[in-house]
Amino acid sequence: MWKIGQRGVPYFQRLIAAPFTTLRSLPTSLVETGQNRVIDASLTLIRERAKLKGELVRLIGGAKATTALLGVPLGHNSSFLEGPALAPPHVREAIWCGSTNSTTEEGKELKDPRVLSDVGDIPVQEIREMGVDDDRLMKVVSESVKLVMEEEPLRPLVIGGDHSISYPVVRAVSEKLGGPVDILHLDAHPDIYDRFEGNYYSHASSFARIMEGGYARRLLQVGIRSINKEGREQGKRFGVEQYEMRTFSKDRQMLENLKLGEGVKGVYISIDVDCLDPGFAHGVSHFEPGGLSFRDVLNILHNLQGDLVGADVVEYNPQRDTADDMTAMVAAKFVRELAAKMSK
């Protein structure tokens, strides 16, 4: 397993420094051709996987909505540690590790491809090694999500990766469906800075980008316990409904009986694993004590009324997990229950 330094510069970032240096010495036209080929190959891979899974689900029949698992191993927009880039394979392994059965709490069988199908990962690192910038990389993520959604009845459930991926995913869902969605965002942080540390695509700025783009009508943020003046001002600017942990006992009944998505294109759920108290999830980059319990989150998810059209689970950091990968199991459980909620 790769190790990360005190400020979160992972070993693999040093490994790709040499290719970037080499690229700068090549003619621009040659570099652009190489970038186009890698991006085209990535999109073709996602397209063909989605087609295969979509055809299988349609052949079996009886599904109105099927959860399609898509990994986005992106971590360089994190402000601290970049370990979330390593998360997707750990979460997949935990889903199917055999230590628990494959039936969700709502009684759905994950081995049924009509409930959960997997279309693989976007090869983020390979794309970045070609010198592709974040503007274009985010478009690749959005286009990949749209390719999945083209294969009805597939709906995207994305494994991050840091929270910056939520912006291109929500953008794709909204654009593909033709209008805004309502978002339930569970997190210790509001992630709504205009530009955190100057980074337009920072994981701490993803929901500012979403709201600026008009991709959400309502944004409900639950579990917040690390928020400053800018976070509150940005929340007011965009009309965000921010529910902080200090008032959770008062808000609990309402949050466990949410009804979202009426009058818009559906509901999107974004779960940052650090919404949980660190006692329930040690494998995150930012420890924020005083968070939600795992059952708190499941009660909110299970009782939510609305058509779930997309979701993500982000910010699991395998580099900070316990020796027995307990937080991987936590992230996997989120994926399992979201898949049950989305499929029908």
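Placed from the backbone N, Cα and C atoms, the Cβ positions cover glycine too.
Annotation comment: Swiss-Prot describes 1-26 as transit peptide.
Annotation for Asp191 (Mn(2+) 1 binding site): same-chain Cβ neighbours under 8 Å, separated by at least 6 residues, are His163, Ser166, His185, His203, Ala204, Ser205, Ser206, Phe207, Ala208, Asp272. When secondary structure is read from DSSP and collapsed to three states, Asp191 (Mn(2+) 1 binding site) falls in the coil class. As annotated by Swiss-Prot, Mn(2+) 1 binding site applies to His163, Asp187, Asp191, Asp272, with the evidence given as sequence analysis.
The Mn(2+) 2 binding site annotation in Swiss-Prot covers Asp187, His189, Asp272, Asp274. For His189 (Mn(2+) 2 binding site), other Cβ atoms within 10 Å of its Cβ number 25.
Listed in sequence order, there are no same-chain residues at least 6 apart in sequence whose CB falls under 8 Å from the CB of Gly198 (substrate binding site). Residues or ranges marked as substrate binding site by Swiss-Prot: His189, Pro190, Asp191, Ile192, Tyr193, Glu197, Gly198, Asn199, Asn228, Glu315.
According to DSSP, His163 (Mn(2+) 1 binding site) is assigned to a helical segment. Here Asp274 (Mn(2+) 2 binding site) is compared against the binding-site residues Asp187, Tyr193, Asn228, and the shortest C-alpha distance is to Asp187. Neighbour count (other Cβ atoms within 10 Å of the Cβ, all protein chains): 10 for Asn228 (substrate binding site).
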